Amino acid sequence: MAPTHVLRCCQRGLSWIPVIFIALVVCWSYYAYVVELCICEYPSRIGEQIVYLIFFHASFVMFVWSYWKTIFTKPANPSKEFCLAKVEKERYEKEERPEAQQEVLWRAAAGLPLYTRTGSGAIRYCDRCQVIKPDRCHHCSACDMCVLKMDHHCPWVNNCVGFSNYKYFILFLAYSLVYCLFIAATVLQYFIKFWTLCRRKSAENCPKNNLPETHAKFHVLFLFFVAAMFCISILSLFSYHLWLVGRNRSTIEAFRAPVFRTGSDKNGFSLGFRKNVAQVFGDQKKYWPLPLFTRPTSRIGLLPHHGSLALLRDVPGAAILLFSSIVSIVAS
Ligand SMILES: [Zn+2]
Ligand SMILES: [Zn+2]
């Protein structure tokens, strides 16, 4: 086996460590909450525990479902229309001067719906994948592929967050926040009881309903700390991504504004708040809370508002081509 192949296998294995860590924390939180707290420790308060368990399982299922979909949804790549034909590829590789290579790319991109350029005004091309990059597409070095509407590569899901799974990622953040908030809020009373017990130093002096001296109290202690810690970190990330959704901006575009024919514009893809939200969550509100793929029905939505009407006159049918090329990848 070649050393590079072994190294790649090791890298691939190691990249699952953050996901395994999250999975172990989630499994432990389930055991600590359901078994240690609800079933073993307080079986007498049955009514309260049943209500807690119903809400707990509802948030748990939604959280695991959206996390699973974020991890295992393959990133969408540019369709074959964006690949150079064999002759063009040979010509591109033969040319050594960047200007001559750009000429080949300009000819190849003539019929494609491209509105963004590099900072120097050139056609965006990925040498690694040998493909003309569609608007909002970026090469991910971790996945070693070009990803449509790439937002970022997330180590916690070991996947690229982009066109195919951005909705799932947002829902994963939302449901993990709900899960952690619910645990923190319901465990708080037991957490306080535990500290009351600690301060008194002796279980004999404690009131009857205080948490007994069992290993369950350590689960309660850690449950509260871990849930509160995750709440704070997820809340900041979730708020930031909601802000991005409202502006139809990816994390990459927030750091580096996309460059259009008329110059760079950080709001170049914004279509107004409602349409921006529909770009990620789809037009049918009933599917918004579910981690199911809901494609945006408005074709214009995939285009930048930045001079879009003028651009459409330049390239008739461009929007439909871009839309159908992306949809065909997702559907396949
Ligand atoms: Zn690439
Ligand atoms: Zn990636």
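Glycine is treated like the rest: Cβ placed from N, Cα and C.
Per TrEMBL, the features are:
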| type | residues | note |
| --- | --- | --- |
| DOMAIN | 123-255 | domain 'Palmitoyltransferase DHHC' |
| TRANSMEM | 16-38 | transmembrane segment |
| TRANSMEM | 50-68 | transmembrane segment |
| TRANSMEM | 168-192 | transmembrane segment |
| TRANSMEM | 218-243 | transmembrane segment |
So what pLDDT does the domain 'Palmitoyltransferase DHHC' (123-255) average out to?
87
What does DSSP give as the helix, strand and coil breakdown of the domain 'Palmitoyltransferase DHHC' (123-255)?
74 helix, 16 strand, 43 coil
